[in-house]
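**Student:** Feature table excerpt (Swiss-Prot):
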{"type": "BINDING", "residues": "R23, E80, K120, K454", "note": "(6S)-5-formyl-5,6,7,8-tetrahydrofolate binding site"}
{"type": "BINDING", "residues": "N226, T245, I247, T250", "note": "K(+) binding site"}
{"type": "BINDING", "residues": "226-231, 245-251, 270-273, 335-338, 358-360", "note": "GTP binding site"}
{"type": "BINDING", "residues": "S230, T251", "note": "Mg(2+) binding site"}
{"type": "DOMAIN", "residues": "216-377", "note": "domain 'TrmE-type G'"}
Amino acid sequence: MSDNDTIVAQATPPGRGGVGILRISGFKAREVAETVLGKLPKPRYADYLPFKDADGSVLDQGIALWFPGPNSFTGEDVLELQGHGGPVILDLLLKRILTIPGLRIARPGEFSERAFLNDKLDLAQAEAIADLIDASSEQAARSALNSLQGAFSARVNHLVEALTHLRIYVEAAIDFPDEEIDFLSDGKIEAQLNDVIADLDAVRAEARQGSLLREGMKVVIAGRPNAGKSSLLNALAGREAAIVTDIAGTTRDVLREHIHIDGMPLHIIDTAGLREASDEVERIGIERAWQEIEQADRVLFMVDGTTTDAVDPAEIWPEFIARLPAKLPITVVRNKADITGETLGMSEVNGHALIRLSARTGEGVEVLRNHLKQSMGFDTNMEGGFLARRRHLQALEQAAEHLQQGKAQLLGAWAGELLAEELRLAQQNLSEITGEFTSDDLLGRIFSSFCIGK
């Protein structure tokens, strides 16, 4: 297998459909056109033609599109055949194309990978293709499209350019120490560095928003049996996702629901009631509950308000709180306010949010929705955003750390060499986002997660 091979893959989803598309990219795409179509179509024009088998019989008829390189998606010669979407027809056409020497099936994401390697896309834009396909909400789709069109990359490139100018200034001060003006201490470098830090902080805030749109928030509902966990899952989901009875231990396995709150994906997980297991099935369910809790972004600690007046989680169930991961955020949810007569709404107890509601009637659930959105820093009014992945957040975080360390070197010791090195490392972190400095291993992992025909 060679990266110089001509590749072919189905670009439409498997299964039956009105239209099925095969995409070919590489130097032999021209030969495929001449062999299967009998001619080379006019570049970038839709040509209605028969698709022929090796014996000259017609396999299908449809639209052929010819994009000679470098003016194509991949930067190579690209041919697209748009025929009928029957699996048998597409399979026959694919087999016919693969009889031509030098053709092979594309690896997952190989078309996008070739576009990146041929400078048609940077890495952030290439990732945005997969994110656009996987978008689970309108807001996520719009943000992914912004990333594909270069919004995220432009912000990163602006930061890289600013760091380049700052590095030139710092290194000039190092190389010419005998000048009358002390460039390191005249305040200009500090002012420029502060501007870059402020711009980076703004990009980080927007990237966190973009990461929420892509990844969502994992919320686990946990508590004792019969506290109303499944009722709360149903209330948040807006449908009967879980069976609800008065029998303690009804939920024995993990139940998952995927919803959106004003565009923010929310993965809600209902777990088995936590207690001493009465049988092997319940024991396994409780073990799985703890596994989900340990991986959560937030835990909703469900409390049956009819069983206790306590509001402090450490007082309600100290053993449960002691077992939770140290930095895991907790929201205490006192349920059954319709029975206890408690005032609905949110307050705070010992640093934890406390919400009183009725999962059965739905009263107070909207307060919980808003709390979940706000606790993750999700801003529904942020327009023109972009999607971001965890690797992007890590790169931005590392760049910010290097800039702060560089600032400390500047203000503490006027150490120009150390400042210059921190600026270089920050610049390298940012360049990893767009793929200017990226390992082959990372590229392999990124593109292997794509669809075959992308």
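A Cβ is built for glycine as well, from the same backbone N, Cα and C atoms used for every other residue.
Map these features onto the structure and tell me what's around them.
**Tutor:** With a 10 A radius on its CB, K120 ((6S)-5-formyl-5,6,7,8-tetrahydrofolate binding site) counts 19 other CB atoms from all the protein chains.
Under DSSP, N226 (K(+) binding site) is assigned to coil, being neither helix nor strand in the three-state scheme.
S358 (GTP binding site) is surrounded by 23 other CB atoms, counting those within 10 A of its CB over all protein chains shown.
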**Student:** Give the helix, strand or coil assignment DSSP yields for E80 ((6S)-5-formyl-5,6,7,8-tetrahydrofolate binding site).
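**Tutor:** Where E80 ((6S)-5-formyl-5,6,7,8-tetrahydrofolate binding site) sits, the three-state DSSP reduction gives strand.
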**Student:** Say we define neighbours as other CB atoms within 10 Å of the CB. Which of the binding-site residues R23, K229, K336 has the fewest?
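**Tutor:** Across R23, K229, K336, these binding-site residues, the one with fewest Cβ atoms within 10 Å is K336.
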**Student:** List, in sequence order, the same-chain residues at least six positions removed whose CB sits under 8 Å from that of E80 ((6S)-5-formyl-5,6,7,8-tetrahydrofolate binding site)?
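**Tutor:** Listed in sequence order: A11, I21, L22, R23, I24, A64, L65, F67.
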**Student:** Would you count the other CB atoms within 10 A of the CB of S230 (Mg(2+) binding site), including those on all shown protein chains?
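**Tutor:** Taking all protein chains shown, S230 (Mg(2+) binding site) has 24 Cβ neighbours within 10 Å.
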